[in-house]
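**Student:** Below, the features straight out of TrEMBL:
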type     : residues  : note
TRANSMEM : B:32-51   : transmembrane segment
DOMAIN   : B:32-590  : domain 'CstA N-terminal'
TRANSMEM : B:92-111  : transmembrane segment
TRANSMEM : B:117-139 : transmembrane segment
TRANSMEM : B:160-184 : transmembrane segment
TRANSMEM : B:221-239 : transmembrane segment
TRANSMEM : B:254-274 : transmembrane segment
TRANSMEM : B:324-346 : transmembrane segment
TRANSMEM : B:367-392 : transmembrane segment
TRANSMEM : B:506-528 : transmembrane segment
TRANSMEM : B:540-565 : transmembrane segment
TRANSMEM : B:572-592 : transmembrane segment
TRANSMEM : B:642-663 : transmembrane segment
Amino acid sequence: MFSITLTAAAREALRPDEVIFFEWHGIGVCCAHDGEFSARPVRRARLPRRARQLGDDPAFALPVAWMHLAGHAVTIDCHTWGRWRRFTTDLPCLGGTVR
Amino acid sequence: MKLRSIIIWTAVAVVGAVGWAVLALSRGENVNAIWLLAAALGSYAIAYRFYARFILRRVLGADARRATPAERLNNGIDYHPTDRRILFGHHFAAIAGAGPLVGPVLAAQMGYLPGTIWIVAGVIFAGAVQDMVILFFSMRRNGKSLGQMARDEIGPIGGAAALVAVFAIMIILLAVLALVVVGALARSPWGTFSIAMTIPIAFFMGFYLRKLRPGRVVETTVIGVGLLLLAIVAGGWVQESSWAETFTLSPSALSLWLIAYGFVAAVLPVWMLLAPRDYLSTFMKIGTIVLLAIGVAITMPVMRTTAFTDFAFNGKGPVFAGSLFPFVFIIIACGALSGFHSLISSGTTPKMIQKETQVRMIGYGSMLMESFVAVMAITAACILSPGLYFAMNSPAGVVGATVQTAAEAVSNMGFVITPEQLQAAAQAVQEQTLIARTGGAPTLAVGLSQIFSDFIGGPGLQAFWYHFAIMFEALFILTTVDAGTRVGRFMLQDTLGNVWKPIGRVSWWPGLVGTSAVVVAAWGYFLYQGVNDPLGGINQLFPLFGIANQLLAAVALTVATTLLIKSGRLKWAWVTGVPLAWDVAVTLTASYQKVFSADPGLGFFAQRNRFQAAIDQGQILAPAKTPEAMRQIVVNSTVDGILAAFFAILIIIVLLDAIRVWVRAIRSTEPLPSTEEPFVESKLVEPAGLIATREEKELMAASATEKG
């Protein structure tokens, strides 16, 4: 159901106690609505209670993001500049309502 | 049907019928708004119980035994389809935007009856049907979006038209809504300060939610709402302080600030500013609407406008030009029929729904609620004296800038108001002036403040409630401005990404900044021209927005009709076919009049020709005061006219393309290939409606026992 792939850079940048956490941010446009994904590293201990793992990978999401992720093949990459890490995905810009 | 049901539903029908009878037969006397509520609520109840059930069972053939995408995509451990009550709230919050608040207020220039009839009848036979049918068909296709369904069922032209329509609506909508904010905040230090404060509040909420207390949405929102109320109170202090001048902005300055804000909000990460604003505005929206409904029920205000004004028939209204048909049906889109809703009904909600039978409650029921919001808005506008209403909603070119000129202009329209009454109305809400505060938001705020102060706090709190309402509307609208810019940017990135790959990458900064700038420039252009248009701006742009929105509704209803025909339900195609025919008639008539009318007050090109001829002769025509203003009108009219023609052409193309598919489907002896997901038996037992029936409770108990 989920196909989450972490590139070598992402695996290397992810600390041992961290996982990738997907969020879904609803955005209202008058009387329409869409949403946007974001992915970031979170310490496993700080994950929200309702977060669930996506397959066997170190990736988690809340149910509302889970639903929009289902069926997507997602590749997670990471760009680092010194200590600063930026995790990116190849997910579409929008969740898919306004398309 | 049991005797008890027959008695209950007969009583409901009688309540609705009496409400309508009072509204229809009262002439020359003020009608209590409670009759309007009775008419609307009685009609909604009957429609939900009978018509929506007929569509669900006979037309769509919703099958409780069939698993929905939410259940099929459920991995059995981690995810459960969303509870119907939560999904109802989610869907309603998503569809209830600023549209149902602004449109009815503007349409009140024709009296309370035309708008009310369209809001109630339109939602029952068109808007709620569209939302429910699209939700059903999208659910049967794993939650495909409207654009995808249009591409699959009609062809690439239909799909492209849907995409173009969405983008065009987005641009016009953003300009119109930003114009409403400018109308509400211009020269109002209280309102401007309160709204400016929502930006740091949203930043604080964003960081709180992301860094300090992740996942605590309700807690964060409670803090945010508290800070928001403080910002409203502080706005009153600022108005009395030396800072007042800093926050007193001209319409042009405000529009430039808004354009800059829209750009920054579109570029920043979504969690930082946009998502917290969305939580804030959703909670404020639901809270205020509930408060308003309670207020109307308790205070039972009297509507001071008449059932019909002369503007309904002569088409010379100062708020917007054009007669009752087709313009009431264009101006009131959200609340009756809104194409934008089909974007929610496809995409998000169908992926969350538990049972097919719940599409009635979620699709049809939510839209009835939205319509109720529109009824509240028209009520709030109609309890104002017509004199005040027209003084507020007529452009400065018509009513001038002083209470004396406004009182005289309004008297010439046939309504009575004195300069002293206009001054007193402004003082009651602690504003410098209420003259020419077009856009609908200030009118709604004055109406809301009267209702709220009648049951909480008395006249002493009217200024607070007015600014509360302004803040609520502006917050709501600004959330749309930043979200819309972002969505527009994504759509542009997606499209341009097909031509040049890097621009489609969300994380590529030059692409992100460039596309955001293009979208902001597009709606910023219409906003700026609207603000500086001597003819009023909103008067010109709101009909264009309505035409674009109804164009998208036509696309949605075409997709629905096509799916009914292709799936062998030809005899039921009228359910969406009749609203489609009506919508096309309305949209094309409005476009035709806006393009070809010889009346310069109505037709964009007639207006253009009149002002161009005057420029050629070296004359200056009112309301323009300078040659630059004359040229501005010529440019604005030309652009608006071209857009109106473009929308009309688009609708004709979609319709012709769909008719081709319908004819092929009807002539075909073999059933056309189905695009539905195959049948998978559902294991879930859940109620179809808000309250479980006795049979459903028994089934749920049996299922729970079986699971152990």
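Cβ coordinates are placed from backbone N, Cα and C, and glycine is handled just like the others.
Automated prediction, rather than curation, is the source of TrEMBL annotations.
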**Student:** Six or more residues beyond either end and a Cβ under 8 Å away: which residues meet both conditions relative to the transmembrane segment (B:540-565)?
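**Tutor:** Result: 59, 99, 102-103, 106, 126, 130, 133-134, 137, 146, 149-150, 153-154, 158, 161-162, 165-166, 168-169, 172-173, 175-176, 179, 320, 322, 327, 329-334, 337-340, 342, 526, 530, 533, 572-573, 575-577, 579-580, 583-584, 586-587, 590-591, 594, 604, 636-637, 640, 643-644, 647-648, 650-651, 654-655, 658, 661-662, 665-666.
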**Student:** Does the transmembrane segment (B:160-184) reach the transmembrane segment (B:506-528), going by 3 or more CB pairs under 8 Å (6 or more apart in sequence)?
**Tutor:** yes
**Student:** Same chain only, please: residues at least 6 beyond the ends of the transmembrane segment (B:221-239) with a C-beta under 8 Å from a C-beta of the stretch. Say none if there are none.
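**Tutor:** For the transmembrane segment (B:221-239), the far contacts come to 189-191, 193-194, 197-198, 201-202, 204-205, 208, 247, 276, 279-280, 283-284, 287, 430, 463-464, 467-468, 471, 475.
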**Student:** Out of B:92-111, B:254-274, B:367-392, B:572-592, which stretch touches the transmembrane segment (B:32-51) the most, going by CB pairs under 8 Å?
**Tutor:** B:367-392
**Student:** Quick one: do the transmembrane segment (B:572-592) and the transmembrane segment (B:367-392) have at least 3 Cβ pairs under 8 Å, skipping pairs fewer than 6 apart in sequence?
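**Tutor:** Not in contact, no.
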**Student:** Do any residues of this chain, six or more beyond the ends of the transmembrane segment (B:506-528), have a C-beta under 8 angstroms from a C-beta of it, and if so which?
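**Tutor:** Non-local partners: 170-172, 174-176, 178-179, 182, 252, 255-256, 258-259, 262-263, 266-267, 484-486, 488-490, 492-493, 496, 541.
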**Student:** Check for me, if you would, whether the transmembrane segment (B:117-139) reaches the transmembrane segment (B:642-663) - at least 3 Cβ pairs under 8 Å, residues 6 or more apart in sequence.
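**Tutor:** Not in contact, no.
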**Student:** Any contact between the transmembrane segment (B:324-346) and the transmembrane segment (B:642-663)? By contact I mean 3+ C-beta pairs closer than 8 Å, pairs at least 6 apart along the chain.
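**Tutor:** Answer no: the transmembrane segment (B:324-346) and the transmembrane segment (B:642-663) share fewer than 3 Cβ pairs below 8 Å.
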**Student:** Should anything in the same chain at least six residues away from the transmembrane segment (B:254-274) have a Cβ under 8 Å from its Cβ atoms, list it; otherwise answer none.
**Tutor:** 174, 178-179, 181-182, 185-186, 192, 199, 202-203, 206-207, 209-210, 478-479, 481-483, 485-486, 489, 512-513, 516-517, 519-520, 523-524, 527-528, 531
